[in-house]
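Here the structure is laid out as structure tokens; the discussion comes afterwards.
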Amino acid sequence: MNTIWIAVGALTLLGLVFGAILGYASRRFAVEDDPVVEKIDAILPQSQCGQCGYPGCRPYAEAVGLQGEKINRCAPGGEAVMLKMAELLNVEPQPCDGEEQQAAPVRMLAVIDENNCIGCTKCIQACPVDAIVGATRAMHTVMSDLCTGCNLCVDPCPTHCIELRPVNETPDSWKWDLNTIPVRIIPVEQHA
């Protein structure tokens, strides 16, 4: 019984010593992130599609915040993201020109021709937001609520059964743009 308490005490002491070492190391060797990069990264849609020329949203945010990259390269975010970044960085909004892919004015949605789908799962692997579901050698389908229309699933398809189609706005698919609604703060007097 005495050896059990010695073992418990030794393990507790080791845990405390190593915990203190890890705590010291985490503070001593901590890397501070740039708060501007964090804010830019929060603005981006996090689709990790690579249409901006960077492997994901975080590297693009670092390029904009630290290297002065253009703010109009995010195709899925379009003009709304560009305007938010321009406001954050206090720069002039930049219209999309011929070099950058201009965001489509209509939301695009990937559609799979299920009769020609062979179930190879290449589109599932290419989708950055997991909007395509299906199993090996079974037909796949796109979940329209998750699809960003980034076009990354079209090229890997060996049977070319995926295409992007515009989504027609219906009362069910239309959403309020909350950034355009004017909001006023009305002061309220409190009576004692």
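Here the Cβ of each residue, glycine as well, is placed from N, Cα and C on the backbone.
Taken from Swiss-Prot, the feature region 'Hydrophobic' applies to 1-26, supported by sequence analysis.
Positions annotated as domain '4Fe-4S' by Swiss-Prot, on the basis of sequence analysis: 32-91.
Remark: C57 ([4Fe-4S] cluster 1 binding site) has D41, L44, P45, Q46, S47, Q48, C74 as non-local neighbours, by Cβ distance under 8 Å and separation of at least 6 in sequence. Secondary structure at C57 ([4Fe-4S] cluster 1 binding site), taken from DSSP and collapsed to helix, strand or coil, is helix. Taken from Swiss-Prot, the feature [4Fe-4S] cluster 1 binding site applies to C49, C52, C57, C74, supported by sequence analysis.
Taken from Swiss-Prot, the feature domain '4Fe-4S ferredoxin-type 1' covers 108-137. For the domain '4Fe-4S ferredoxin-type 1' (108-137), the residues of the chain that approach it from at least six positions outside its boundaries are 47-50, 143-144, 146-167, judged by C-beta separation under 8 angstroms.
For the recorded site, C157 ([4Fe-4S] cluster 2 binding site), the DSSP three-state label reads coil. According to Swiss-Prot, the feature [4Fe-4S] cluster 2 binding site maps to C117, C120, C123, C157.
Secondary structure at C127 ([4Fe-4S] cluster 3 binding site), taken from DSSP and collapsed to helix, strand or coil, is coil. Within its own chain, C127 ([4Fe-4S] cluster 3 binding site) has L152, C153 as residues 6 or more apart in sequence whose C-beta sits under 8 angstroms from its own. Swiss-Prot lists C127, C147, C150, C153 with the feature [4Fe-4S] cluster 3 binding site.
Annotation source Swiss-Prot lists domain '4Fe-4S ferredoxin-type 2' at 138-167.
For the pair C120 ([4Fe-4S] cluster 2 binding site) and C147 ([4Fe-4S] cluster 3 binding site), the Cα-Cα distance reads 19 Å. You'll find the Cα of C150 ([4Fe-4S] cluster 3 binding site) roughly 20 Å from the Cα of C117 ([4Fe-4S] cluster 2 binding site). Of all the binding-site residues listed here (C120, C123, C150, C153), it is C120 whose C-beta has the fewest other C-beta atoms within 10 angstroms.
Here the binding-site residues are C52, C74, C117, C147, C157, and the one ringed by the most other CB atoms within 10 angstroms is C74. A simple way to gauge crowding: the CB of C49 ([4Fe-4S] cluster 1 binding site) has 22 other CB atoms within 10 angstroms, across all the protein chains here.
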